[in-house]
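Participant: I have a structure I would like to understand better, so I am pasting it below and will then ask my questions one at a time.
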């Protein structure tokens, strides 16, 4: 059990009741039961002061029980105990104290029996004195006679034992004895006693004096009790360092001494205790005491002083000089431990002083920075520039500077001016003196004949001497010259002037001889030209004034920072001045300055715990500031200083940072060394080598964390830019070799897992230095607690050299730290040119320092971050060099073993920071971001040109090739074009963080959209194959799939990641870490799989019987079909496509889409995969070349498949060129006229289909669909399959709902005059150019009521041409017959001509010809068509125009296209919208029956065996219904009129009824082998109409 308390709160366990306690004690004593240690022992820690009784200390009050008190730090604290004598406790339990170095849980305190004592005495014969002393370490508390016994310990643990025999203990103690507080404990700081501890000691001394009759003294430093000035008082002095290395454990007062002599002495005033002490014996008067002194926190091998400010710890000894030669620095620190009863600490916690070593360091010669380029040597024409640098001379045998001192280069200025001519000299001026000799001057002017800026060669003025009268003698003299004035010009030869005064005045003339003024030229350098001056500029809220090239201008920092910014005016190679980048190395943001002030406030706190918690808050705030990524280069240097103070404070306060604090600390370092800060670090290097200081801070913090670890414990910290491994191993038993990094650890970053960097540290390297040999590194000494006998305290002459122990203690540990930096090589000071850091940087640090092996054993493998380098060298960082800013890489410590394409292996001798130095390629810069590479530009440009060509062709012929497939293709091309443009934009190095993030997000969107549009094309082909009509809703779904699905994926990814991972410092694409890349790879893979599935389904559909137009393939496939399915109805010109069968155009388009997906989709996947690799790894030329090849091939393939190989585009181009097919009629939807492609719109196709469709209806067969069902499928559900053709039970026919390839097997008809069976007589609707007509067979059978599905929806005004003869409309026309009313068997002419809107039968011709099949009459009867009459074509109805244009009519109207003529033909059609209600269907059905025209008059032919072409045509379709046989000229009109009134039975007898029921004599209609119907119209017919 462990108990912690404050101010007396120790472990306390009160028994439930005295009766229960007595029962337990009696049982244990009766059976001689030894109590279990877990139930009889207690451990207390953290007790500063307390007074305890038996029931407070022991869980179970019994003999053998123990109570152990822990000293938190024996080097700094001491335990003071006062034992208050109580007779019952002493008599029954004989308490004694045992000072222990280690706590033993199962240790028993029972006194050994006499037999065991004898055996123990025999075993102790021959034991050394140390073991005897340890055996006699127990102190009997009741051996003295006084009321108090004082004890002083500096051990780790003090154990209080009840050591009496069980038989001697009573069954029950008195309650007063149980509650008597017989032990008082006080924990005192040896060097900083608080007021409370001194007050307790003073009270003890006062009580001791009252009991003894005289004063008692305590030799405790820093404590003084009031009233101690008497003679008997003990003065308090500070003890010096111990004179001996090993002292005894404790001091107790002598047994026989009187109570008045019970004084407590400190460890420094006692002699060695060498006599043996056994149980029951009195201790000697001079017992021995073992004292341990506190050590320095920074230097564990040195002892700390014990004098100084009582409110703070003493200063530690000065550390070893930081340099082995020359002038270095020494540091000493102190920490403050304050209790609530003490005062706060004041003053600094760290001091630094310079130190000079006797050894002189060799100083190599160092070049200073190059000076600025001089102005051109000539003001015009071609000259030269030069610049110089100065070499700091070497000292003490250092190397001289290498390299040139002067550099020159050519310069070209403006053309030199034309030399002018001097004019005549002017007159001489006056003499300069009035007496004696003087000078005269004259001048001349330059005549400029050329440009205004031409000059003349020669002097402008001329001077000569002049003689005057002698000056009179005077006694005056000149005074001293004053200082020269400022130059009148800063350049281009100005002048300076100085004066002197005449000190005396003569009687006549000028008082002094000579002149009192002197003038001399100055600033002879040429003034910079206009192009050599930097203009005024306003950048970042700062105004930079104009300056000449080479000058540095200083300015205030931006408003959000304090300090000064600088900027240099530079000169380009062409001689033009320009401003360099501003330097903000001396600018510090307000937030960072406030954070530093809060750091100072935490440092001012005296208590360690508060200071440690304050540092945790500082690290948390610093992480939040750096995460914003808005800071200056000066903020980075300031952050390094903050981290150094945090590390020192953690170390001084002995505060163990938590795991979160450690993670935040290294996360801050990761933010600072990020590659985005390379330019900031380059700027900061001009002021201070902050990256080198950061490297040292990281190493110190690693060892701070490692000291808090347990033995064999390790810690791994992983961030975006560095990986840290920390482990603690005992010095005497290092477990195994060290390998770093462990790539298989959980949480490891991808850049570490895939890297080839490796460290191998054999355990032979981990050995301490030999005795007396100085340490070889600046690491701290061994963290052992005690000083071994082989160590010697530092003397005055060896204060800066630390000696390691010869035999390390078992408690000494190695702290091994390894760090792999991802980007540190970019920010460390670079080596001398032409070398550069071409690998990652790895740091290895071990403390205490190890002995360097005789040969290199440390193996390091470092992978390259720059490809194409040459001459690699392994190097280590050398801290001993004086100037760290010039580059401290040392290549002599490591050997380069092996160089491969991906990494280099090194072997080094010393532990340090390692890297590979090599010469980078000449055409490679170390910039992580730059302009796009040439392969990327070529690939994107070729692909964009191909796609733009495709878009231009489609835009030119859009009205001819507009379709769903074309729209999908255009969206697909736009997504690829946008992707190529964004790839090029993302490679630019001028993008900001926000623009790069947006570029990555849009790239993600367009990459996914390109895949989705390929999937949309597959979906469209699938819908075309299954024959489902695409409504506008389906088209909107196309857009949702193509653009909506990628937008949803990108929105979800951005929302979850908060744009983290969209764009990195190296590229503008999805980050390869964190799993964000799966947001693109996952959907793309799913789309590819779904596309493959749809492709397989479409292919199976096309290979089925309805999807193959080739008859041979169908026969091989063994599919059965209706025998009449290969025939075509006479209305093939309508362009209708049968709904249950797939048209050849749809099959062709579906096959083209399938083939396009199979070719484009794999190429698209390869292109974007290579694009991702090329963007993420710019150094790889292979990936960029692959992307260029795949991207170019993708553009060409898309253009070829969808443009050059597409049939629609080919037809458009042919028709534009005038190459048209001659076998197509004028009215064909795909025919060409006058070089133009005549393509019907969806509306005109619907009208053409409605007017030229033939519908066969039968009672007991399939339910035929309406035109509404044919066009828009409104009457059928979308998922309902169309009905197939069937054969009736008696051989009757059943057809598909709409026109198709139908073969009509004609059954045998009854004889003439016999009525046919009603079930075999079906109403026949024939179509012409003007509309539909019904061959009325109602006189053979009554018409049955038709269902709502047995009708066709036709326009209200189907025909507007009226017959030329009588029988017009008007009131005499019969009304429409109600549905279901039977008609009479015969009809008169009046009945036939009673419909005003239809043509009578005399305007139609019925013929049999080769076009629609042949018919042989076995009875020798012929059928003569009626002669043409000028009824419909020549006599139009008043107010209505003709529907057709004869081909023989000349004029400009013939030049109209077929499209215009069809629009004219259907211009006055008024279609009603189809409704989904039964009422509207019924009305349309009745209207349809009213407008059908009935055929009742036909003429007979006299010729028996003549082949006839028969057709039913309206007057408006004469060009396609011309009979092959013309009537004889002599035929009488009466005969024609008679034949016109012939009944239908006669016609049936001569034609259909006369054929025998043999297959070879069946009526054969025109086959569809040469007919290719157009595609079914897309869209909703009801909505479009």
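Any Cβ shown, glycine's included, is placed from N, Cα and C.
If you look up Swiss-Prot, you'll see 1372-1382 marked as compositional bias 'Basic and acidic residues'. The disulfide bond annotation in Swiss-Prot covers 321-355, 325-361, 336-345, 376-411, 380-416, 391-401, 431-466, 487-522, 502-512, 534-569, 557-587, 894-908 (among others). For 757-924, the entry in Swiss-Prot reads domain 'GAIN-B'. Per Swiss-Prot, N-linked glycosylation site is recorded for 106, 191, 192, 356, 437, 560, 645, 867. Per Swiss-Prot, region 'GPS' is recorded for 874-924. Summarising the annotation, Swiss-Prot assigns transmembrane segment to 937-957, 966-986, 995-1015, 1037-1057, 1079-1099, 1122-1142, 1154-1174.
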Participant: By a Cβ-Cβ criterion of under 8 Å, what residues six or more beyond either terminus of the transmembrane segment (995-1015) are in contact with it?
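Facilitator: Contacts with the transmembrane segment (995-1015): 968, 971-972, 975-976, 978-979, 982-983, 985-986, 1041-1043, 1045-1047, 1049-1050, 1053-1054, 1059, 1062-1063, 1068-1070, 1079-1080, 1083-1084, 1087-1088, 1090-1091, 1094, 1157, 1160-1161, 1164, 1168.
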Participant: Can you tell me which of the recorded positions 192, 355, 431, 534, 867 is spatially closest to residue 908 (disulfide bond)? Compare CA atoms only.
Facilitator: 867
Participant: Of the recorded positions 391, 557, 560, which sits closest to residue 512 (disulfide bond) by Cα distance?
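Facilitator: If we rank 391, 557, 560 by Cα distance to residue 512 (disulfide bond), first place goes to 391.
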Participant: How many other Cβ atoms are found within 10 Å of the Cβ atom of residue 376 (disulfide bond), counting all protein chains shown?
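Facilitator: Excluding its own Cβ, the number within 10 Å is 21.
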Participant: State the residues, same chain only, that lie 6 or more residues beyond the ends of the transmembrane segment (1154-1174) and have a CB under 8 A from a CB inside it; answer 'none' if no residue qualifies.
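Facilitator: Residues 935-936, 979, 983, 1007, 1010-1011, 1014, 1017-1018, 1021, 1069, 1077, 1080, 1084, 1088, 1091, 1095, 1098-1099, 1102, 1180, 1183-1184, 1186-1187, 1190-1191, 1193-1194, 1197-1198, 1201-1202.
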Participant: Which one is it: of the glycosylation sites 191, 356, 645, 867, which Cβ has the fewest other Cβ atoms within 10 Å in this structure?
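Facilitator: Result for the glycosylation sites 191, 356, 645, 867: minimum number of other Cβ atoms within 10 Å at 356.
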Participant: Got a sec? Which of these disulfide-bonded residues, 380, 391, 431, 487, 569, has the most Cβ atoms within 10 Å?
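Facilitator: Buried the deepest by this measure is 569.
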Participant: Inside 10 Å of the Cβ of residue 534 (disulfide bond), count up the other Cβ atoms and send me the figure.
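Facilitator: Cβ-Cβ neighbours of residue 534 (disulfide bond) within 10 Å number 24.
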Participant: Across the region 'GPS' (874-924), what is the average pLDDT of the model, as a whole number?
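Facilitator: A mean pLDDT of 78 is what the predicted model shows over the region 'GPS' (874-924).
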Participant: Mind giving me a neighbour count for residue 587 (disulfide bond)? Other Cβ atoms within 10 Å of its Cβ, every protein chain shown.
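Facilitator: Cβ-Cβ neighbours of residue 587 (disulfide bond) within 10 Å number 23.
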Participant: Other than its close neighbours in sequence, what residues sit by the transmembrane segment (1037-1057), given a CB gap under 8 Å and a spacing of at least six beyond its ends?
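Facilitator: Non-local partners: 964, 967-968, 971-972, 975, 1001, 1004-1006, 1008-1009, 1012-1013, 1015-1016, 1019-1020, 1074, 1076, 1079, 1083.
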Participant: Give the helix, strand or coil assignment DSSP yields for residue 560 (N-linked glycosylation site).
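Facilitator: The residue in question, residue 560 (N-linked glycosylation site), is coil (DSSP, three-state).
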Participant: Cα of residue 361 (disulfide bond) to Cα of residue 355 (disulfide bond): how many Å, rounded?
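Facilitator: That comes out at 14 Å between the alpha carbons.
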Participant: Please spell out the DSSP helix, strand and coil residue counts for the region 'GPS' (874-924).
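Facilitator: DSSP classes over the region 'GPS' (874-924) add up to 3 helix, 25 strand, 23 coil.
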Participant: To the nearest Å, how far is the Cα of residue 380 (disulfide bond) from the Cα of residue 401 (disulfide bond)?
Facilitator: 36
Participant: Using Cα-Cα distances with a 10 Å cut-off, which of the recorded positions 355, 437, 569 are near residue 431 (disulfide bond)?
Facilitator: 437
Participant: Are there residues of the same chain, six or more positions away from residue 557 (disulfide bond), whose CB falls under 8 angstroms from its CB, and which are they?
Facilitator: 542, 563, 564, 565, 584, 586, 587, 588, 632
Participant: Based on Cα distances to residue 487 (disulfide bond), point out the closest of the recorded positions 356, 411, 560, 645.
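Facilitator: Nearest by Cα distance to residue 487 (disulfide bond): 411.
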Participant: Which whole-number value in Å describes the distance between the Cα atoms of residue 356 (N-linked glycosylation site) and residue 325 (disulfide bond)?
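Facilitator: One finds 8 Å between the Cα atoms of these residues.
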Participant: Which three-state DSSP class does residue 192 (N-linked glycosylation site) fall into?
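Facilitator: Assignment for residue 192 (N-linked glycosylation site) reads coil.
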Participant: Going by Cα-Cα distance, which of the recorded positions (534, 560, 645, 867, 894) sits nearest to residue 376 (disulfide bond)?
Facilitator: 534
Participant: Within 10 Å of residue 437 (N-linked glycosylation site) (Cα to Cα), which of the recorded positions 191, 411, 522, 534, 894 do you find?
Facilitator: none
Participant: Taking the Cα atoms as reference points, how far is residue 502 (disulfide bond) from residue 466 (disulfide bond) in Å?
Facilitator: 23
